[in-house]
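In TrEMBL this protein carries:
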type: DOMAIN; residues: 30-477; note: domain 'Major facilitator superfamily (MFS) profile'
type: TRANSMEM; residues: 23-43; note: transmembrane segment
type: TRANSMEM; residues: 84-102; note: transmembrane segment
type: TRANSMEM; residues: 114-134; note: transmembrane segment
type: TRANSMEM; residues: 173-191; note: transmembrane segment
type: TRANSMEM; residues: 203-224; note: transmembrane segment
type: TRANSMEM; residues: 286-309; note: transmembrane segment
type: TRANSMEM; residues: 321-341; note: transmembrane segment
type: TRANSMEM; residues: 353-373; note: transmembrane segment
type: TRANSMEM; residues: 385-405; note: transmembrane segment
type: TRANSMEM; residues: 426-446; note: transmembrane segment
type: TRANSMEM; residues: 452-473; note: transmembrane segment
Amino acid sequence: MAGGGVAALGVSTERAAQYKGRMTLAVAMTCLVAAVGGAIFGYDIGISGGVTSMDPFLKKFFPAVFHKKNSGGRNNYCKYDNQGLSAFTSSLYLAGLVASLAASPVTRNYGRKASIVCGGVSFLAGAALNVAAVNLAMLILGRIMLGVGIGFGNQAVPLYLSEMAPAHLRGGLNMMFQLATTLGIFTANLINYGTQNIKPWGWRLSLGLAAAPALLMTAGGLLLPETPNSLIERGRVDEGRRVLERIRGTADVDAEFTDMVEASALANTVEHPFRNILERRNRPQLVMAVCMPAFQILTGINSILFYAPVLFQSMGFGGNASLYSSVLTGAVLFSSTLISIGTVDRLGRRKLLISGGIQMIVCQVIVAVILGVKFGADKQLSRSYSIAVVVVICLFVLAFGWSWGPLGWTVPSEIFPLETRSAGQSITVAVNLLFTFAIAQAFLSLLCAFKFGIFLFFASWITVMTAFVYVFLPETKGVPIEEMVLLWRKHWFWKKVMPELPLEDGWGAAEGHAAPANNNGHK
């Protein structure tokens, strides 16, 4: 690759102050439709836990679990410990991991829309297989097709939202993905609560209704405009400018358009984005692409969302009570995401991540203490302590919903330069799905082995990740996506990691600019 300012950085100077534009109806509509991809992800997270707690479903596909669940004298923590049942939940995420890597060249070479449509079609196929399943093999194949859809959708949708949004509103609009995810979880919990009483086929209705958001995602993908970044990167410069003017609501887009053209010039010199992303100058972004999604899952949130009914039944809640409690946690998650949308572009990413982490640590420790003292292998929680556990878990979900839930997707999707953006998002999604697969597959066994200590296990990880954000993550609030690459050279740690650059092509002037205002003291 060529050296120098533009070639090495993508943009040669900071033009953020010259960006024009406003929130337009075009941006609002495209972000709303694109975020439906999050609803697909959320619906599956919510639906699988409820279905696996329904007796007709267990009796048909997992008779050993059904008999263990309904027999007396069993260890409460181990009622659902079955690797086949875990595989039903986790197989989707393993398939999604592979698909997210395959989606990267599609997203880069054919556009963000192409991946969104591919994801929607695959998810429709998976929903059809699941609703018609007559044996475990058909059920798992359907889950794999759902995973392919999630891999494509999760790769493309956050990128699409980041590139369509104005810089000063990017955090809130990008969180439409997470908001739709939480809405999907809440909707799935409500559906499970209703279908549990439709015997013996209520579980089929729960799984089949996944086709509804998939249809919206497919139709939306066909109707959406492509992002200007993608159009310019693929040589359709004039069309990219027209789309940019339309979504910004003004013809005065020279500064932002110039940044996109410069970034595209570098992007088109890169033949192997995955090899390029390993270079030293991309080290900060690569670290974030791995750590942010990994930490998001290591909060333990997916264990609660996947297995909420199972978890609550293990604690002694009845079938109806456990599903009702999972509906409550889904509602809290959805509501808390609204808090994040309203504050992320005012308070910044760091404050939300750190405050949310502290609250989650406290909640996990409290739940562990209650279960350790008042609950055991052969005794149930009293009504008052059961209510206390639900309240504390809701507070945990509340903290996750305004912090690591949305920001675990937002931060990685906004930090990569154009030439490695699709590859970076693929890594983010792949890591997220790898850890999701591992936790989904292992959680029921870990619950059986660790008992109440499972909550202390997750609390320890949250402590690590909160410290990580405090030390290593600069504030990205208000930094244009095409100028994000300049931010790392102003951070006290990452500027030591990145290689020196020659003072040419206008880079000397860019180095002399003051860093964007951060609330964290990092430059």
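We count from 1, first residue shown onward.
Using the three backbone atoms N, Cα and C, a Cβ is placed for every residue, glycine included.
Keep in mind that this is a model prediction, so the values were computed, not measured.
Same-chain residues lying 6 or more positions outside the transmembrane segment (23-43) and placing a CB less than 8 Å from one of its CB atoms are 116, 119-120, 123, 149-150, 153-154, 156-157, 160-161, 164-166, 169, 173, 176-188, 209-210, 213-214, 216-217, 220-221, 223-225, 246-249. Contact check: the transmembrane segment (426-446) against the transmembrane segment (114-134) gives fewer than three Cβ pairs closer than 8 Å, residues 6 or more apart, which falls short of the contact criterion. Scored on C-beta pairs under 8 angstroms, the neighbour of the transmembrane segment (286-309) with the top count among 84-102, 173-191, 321-341, 385-405, 452-473 is 452-473.
By the Cβ criterion (under 8 Å, sequence separation of 6 or more), the transmembrane segment (173-191) is not in contact with the transmembrane segment (114-134), since fewer than 3 such pairs are found. Counting only same-chain residues 6+ beyond the ends of the transmembrane segment (452-473), those with a CB under 8 A from a CB of the stretch are 287-288, 291, 295, 298-300, 303, 349-350, 353-354, 357-358, 360-361, 364-365, 367-368, 371-372, 375, 404, 411, 443, 446, 493-494. Residues 178, 181-182, 295-296, 299, 301, 304, 312, 315-317, 325, 328-329, 332-337, 339-340, 343, 352-353, 355-357, 359-360, 363-364, 366-367, 370-371, 374-375, 465 of the same chain lie 6+ residues outside the transmembrane segment (385-405) yet bring a C-beta within less than 8 angstroms of a C-beta in it. Long-range contacts of the transmembrane segment (114-134) within the same chain, counting only residues at least 6 positions beyond its ends with a Cβ under 8 Å from a Cβ of the stretch, are 34, 37, 40, 61, 99, 103, 106-107, 141-157, 160, 204-205, 207-211, 213-215, 217-222, 224. In this model, the domain 'Major facilitator superfamily (MFS) profile' (30-477) carries an average pLDDT of 85.
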